[in-house]
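**Student:** In case it helps, TrEMBL gives these features for our protein:
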ACT_SITE  B:E44  active site, proton acceptor
ACT_SITE  B:K116  active site, for glutaminase activity
ACT_SITE  B:C152  active site, nucleophile
BINDING   B:Y122, B:S179, B:K185  L-glutamine binding site
BINDING   B:G319, B:F320, B:S321, B:G322, B:G323, B:I324, B:D325, B:S326, B:T420  ATP binding site
BINDING   B:N396, B:E425, B:K541  deamido-NAD(+) binding site
DOMAIN    B:4-249  domain 'CN hydrolase'
REGION    B:462-489  region 'Disordered'
2 protein chains.
Amino acid sequence: MVQLRMALAQLNPIVGDLTGNAELIIEATRKAADAGAHVVVTSEMALTGYPVEDLVLRDTFVRASAAALDSLAARLHEAGCGDVLTYVSYLDADDVGPRDAAAALYRGEVVARQYKHHLPNYGVFDEYRYFKPGQTLDVVRLHGIDIGMVICEDIWQDGGPISALGEAGVDLVVAPNASPYERSKDEQRLPLAARRAREAGAPLAYCNQVGGQDDLVFDGDSFVVDADGTVLARAPQFTEHLLVVDLDLPTGTSHAAGVFAGLDVRRTVISDEPLPAYQPRPSPPLAEPLSDPAEVWSALVMGLRDYVRKNGFRSVIFGFSGGIDSAVSAAIAVDALGPDAVYGVSMPSKYSSEHSQSDAAELARRLGCHFRVEPVADMVQSYVGQLELSGLAEENVQARVRGVLLMALSNKEGHLVLATGNKTEIAVGYSTMYGDAVGAFAPIKDVFKTHVWELARWRNDAAQQRGETPPIPENSITKPPSAELRPDQLDTDSLPDYALLDDILDDYVEGDRGFADLLAQGFDPALIDRVVRMVDVAEYKRRQYPPGTKITFKAFGRDRRLPLTNRWRETH
Amino acid sequence: MVQLRMALAQLNPIVGDLTGNAELIIEATRKAADAGAHVVVTSEMALTGYPVEDLVLRDTFVRASAAALDSLAARLHEAGCGDVLTYVSYLDADDVGPRDAAAALYRGEVVARQYKHHLPNYGVFDEYRYFKPGQTLDVVRLHGIDIGMVICEDIWQDGGPISALGEAGVDLVVAPNASPYERSKDEQRLPLAARRAREAGAPLAYCNQVGGQDDLVFDGDSFVVDADGTVLARAPQFTEHLLVVDLDLPTGTSHAAGVFAGLDVRRTVISDEPLPAYQPRPSPPLAEPLSDPAEVWSALVMGLRDYVRKNGFRSVIFGFSGGIDSAVSAAIAVDALGPDAVYGVSMPSKYSSEHSQSDAAELARRLGCHFRVEPVADMVQSYVGQLELSGLAEENVQARVRGVLLMALSNKEGHLVLATGNKTEIAVGYSTMYGDAVGAFAPIKDVFKTHVWELARWRNDAAQQRGETPPIPENSITKPPSAELRPDQLDTDSLPDYALLDDILDDYVEGDRGFADLLAQGFDPALIDRVVRMVDVAEYKRRQYPPGTKITFKAFGRDRRLPLTNRWRETH
């Protein structure tokens, strides 16, 4: 058995910020070296951030990334971390085309370099658009330990790199990842990695990106599993973390170069000599997986915080309607940015209820955020009078006046505007374009209405358990939802009961199920017909909605692409 | 030599409309049969329309498409077209996955079925997301003539299906296509098809889709090239057309089944007997390629018309500012939909010039479209007064009030709202979100400002040559462009000269060129820096802009995907 101390640097890079991301890697590696680590692993594309999308098509960016890697190798060495074998993933290109690459840096040099083999091209992934697949595997021997490498999707597909490493023989596998968060995804990831470790016959160190990037959020949750699938170490979700773990590795099995499972396995030897025996550090405690609502809440908080901060904003502004959606959005915003960065605006019209204003004020009081009241009656009247509006046109003008008002305050004061719509209303088109859909980010865009209520209750309970004031007024949770755009309006005038509606949407949107499947689930055919039509015709509105943190498989964003002009109806 | 009469059915399907598209195919095939055609070719995915995007992921749709093909085969037979060998492309799936398929229908049966081999995954194409590549080639012998088939991208890639058909031996190749229009694309397509015909050693019949589909427009331009590359027949662009052509084909070379160029060539014999000699029809005149501005104008007209009509609208409404962008948009709209379907609104604010109103009125008079004046001063004042706005916030409120006003009229009267921004201002972010960017479609979204002026002059000249009134007032073409959101404002206060700006944008946006390349072109470094920064920070605005007809390689739409959160700057 041979000892090795490794560190997984779970970092939060900013896409395109080669300089800043290199700094993050250097700082983490220096800390790892101080902790005595011999090997450091970073996440997929840590140097560029992930995903870089069409920046791949710009030669200058590709060249800058490759140059930044060389410079990073030199700077790590200068910083006294040269003897730490550091795995850094980045964007590269060769004669064949652009590559999702990872390199092993040692004493100022790139000692090994490998390209991702499996290129995901489903859901949010478009990697066939960007990259060419790799055909080689680079195994580096350090202190007598043979370390193989796989990049992200390489562990999600059967066969290929893991099989090749298993056949060729390695003592350890490092796996840089950029695996976007989805609700309960860790239930898939960990068993999968355990299986791959068994297939490779070696421990697997899985290092994932953390942080928000547009509508994606990466949860981290980096870990090391042993060759038998046992979890040896696990980092917390939704925070930067340096996970340092001591390994005790069996060596001496047959280790060969050559072609295995169709891939060319190359071997590089840095050192054959095992490390002299040393006192291992106590194992870090395994990070406890978060509960489902805590995990979702953390994703929404991190998604919003990173979108606002990485885009150079310091504060957010949005309508406080007294309803549940704006209340939950406000609680998320305060958790993400602090109360002093959150500006709530109550914008009563002549149809607004008394409680809409008092609940909004109470929300602001509980959160300790900024709050003001700007009535919209005069502005609305100027349109309604001049254009002689009534009905839907009058309803929409109220929502649009509020949008213009928020944008004016944003222009005047520099806040980023949030849209507070939930997934249910976005799915069925129960929103006003250029009205309540105004905003640069939509925190609960991927949260169904029934889930919004659950999160509100969970967040209030969590506050209560910590002896804090529950942030969300009880009345915002319990009162029947209303857009308040005409007298005595209720959501249920236009929509089915939310519990039933969300059930159908979950099947139709998330599951891509058709009419017959929905019928088989026991839903009423007229109701299916009604919901399916609403969803189908609302495609354009969803396309215009601002981005928002994705927490499900089929969020409305880049992972769901339908034609706007489209006559297909499930109910045909 | 053996005779054959073939027809290329250049149709305008609607995505998802299996029933309607089948009707189009039946009608075209019946007409072709009446004209004595023995073979009919339709465009790629003619039965579903192209592209169907994520409808591929819905099993019910895939099954419906496959069922619609069987039903179509039967209905063609019932309609008396059974003896016409009809090639129909559609969506299918087998055990491997979804397929971009084409089938040969004869006497009510599917006699051959082939899957697309090369799956494009660049620009607007995402076919690796949807399809599995085919491995077989189906050659059908009709009247002793061996007919091979390739689907769209199969002719754009070297090697593969065309090589295999050339080696195996065929007398004729049919090629269903859905090749989106780009400016001057026919200069690539025709020489390419000629080269492929030579490689296959047989004439190639290229049938392309025609019509608008969201931001794509398909120009048709179907043709037949002889084995030596000579153009035998050519259909006009931007219109449905049935191109009937008599061929006289050499046969009797070695024709084998088996594996060629790695693909399995299968052979089906319908009939060995050549047709009795018949009197060929006179060759149809070759459609003349359109001039560059005529081609672009036709694309913009068809793109708008199909977006409006296929989405069930009958009229459009938008601001008539007196400027060149709204004037050109109006002329396109009238050409697309007729004057009675076009509603212009002049919305003067206190900063609007006298000529902005008179030029708008003159435009409406020349076009014969609807026109009204709705001053916005009172509405603007209600925000400016209550929120104490000035500067940019006040400028933007004017644009946003106009957006709300147009949407209110749309809600009240049922028109689809157009956004009239051009590519230059969208590229640099010189527009107001939820203001002049309001609309469901943006006809000149992909046209640079200098090109807008060129099109205006061309359209006026064309009218003059036909003895008609030039639609666009001369003053709208010649006056210096202004947003008129503050006193004496000119575009040149905020932007470089448009000729220079468009030159840089053409390199930076279309060419994906970096700072060094732009410098080498001779542009001033400070100017490059300024333009590049404007473009980079405007990404979010562009993402929120409505779709508009794509006429260049890098339109702002699905073919250009950049991260919103992104710190990469070319000028670093």
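Numbering starts at 1 and runs along the chain as it is shown here.
Every residue, even glycine, has its Cβ placed from backbone N, Cα and C.
Because TrEMBL annotations are produced automatically, they should be read as predictions rather than curated entries.
Keep in mind it's a predicted model, so treat the numbers as computed, not measured.
Any idea what these are sitting next to in the structure?
**Tutor:** Residue density at B:E44 (active site, proton acceptor): 26 other Cβ atoms are found within 10 A of its Cβ, drawing on all protein chains shown. Secondary structure at B:E44 (active site, proton acceptor), as computed by DSSP, is coil.
Within 10 Å of the C-beta of B:K116 (active site, for glutaminase activity) we count 25 further C-beta atoms, all protein chains included.
The Cβ of B:C152 (active site, nucleophile) has B:E44, B:D100, B:K116, B:P120, B:A175, B:P176, B:N177, B:A178, B:S179 as same-chain neighbours under 8 Å, each 6 or more residues away in sequence.
Secondary structure from DSSP puts B:K185 (L-glutamine binding site) in coil. Remark: B:K185 (L-glutamine binding site) has B:S179, B:D219 as non-local neighbours, by Cβ distance under 8 Å and separation of at least 6 in sequence.
Every protein chain shown contributes to the tally, and the Cβ of B:G323 (ATP binding site) ends up with 24 other Cβ atoms within 10 Å.
In the three-state DSSP scheme, B:N396 (deamido-NAD(+) binding site) is classed as helix.
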**Student:** At a CB cut-off of under 8 A, do any of the recorded positions B:Y122, B:C152, B:K185, B:S321, B:G323, B:N396 come close to chain A? List them or say none.
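**Tutor:** Sorted by position along the sequence, the hits are B:Y122, B:N396.
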**Student:** Could you give the Cα-Cα distance between B:Y122 (L-glutamine binding site) and B:K541 (deamido-NAD(+) binding site), in whole Å?
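**Tutor:** So the Cα of B:K541 (deamido-NAD(+) binding site) lies 23 Å away from that of B:Y122 (L-glutamine binding site).
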**Student:** Identify all same-chain residues not among B:G319, B:F320, B:S321, B:G322, B:G323, B:I324, B:D325, B:S326, B:T420 whose C-beta atom falls within 8 angstroms of the centroid of the ATP site's C-beta atoms; report them in sequence order.
**Tutor:** B:A327, B:S329, B:A330, B:A360, B:S476
**Student:** Compare the C-alpha of B:N396 (deamido-NAD(+) binding site) with the C-alpha of each of the binding-site residues B:S321, B:G323, B:D325, and give the closest one.
**Tutor:** B:S321
**Student:** Please report how many Å separate the Cα atom of B:G323 (ATP binding site) from that of B:E425 (deamido-NAD(+) binding site), as a whole number.
**Tutor:** 14
**Student:** How do the residues of the region 'Disordered' (B:462-489) split into helix, strand and coil according to DSSP?
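**Tutor:** Each residue of the region 'Disordered' (B:462-489) counted once, the result is 9 helix, 0 strand, 19 coil.
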**Student:** B:T420, B:K541: which of these binding-site residues has the sparsest Cβ neighbourhood within 10 Å?
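**Tutor:** Selected from the binding-site residues B:T420, B:K541 on minimum Cβ neighbours within 10 Å: B:K541.
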**Student:** Would you mind pulling the longest C-alpha to C-alpha span across B:Y122, B:S179, B:K185, which the record has binding L-glutamine, in angstrom?
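**Tutor:** Greatest Cα separation within the listed binding residues comes to 16 Å.
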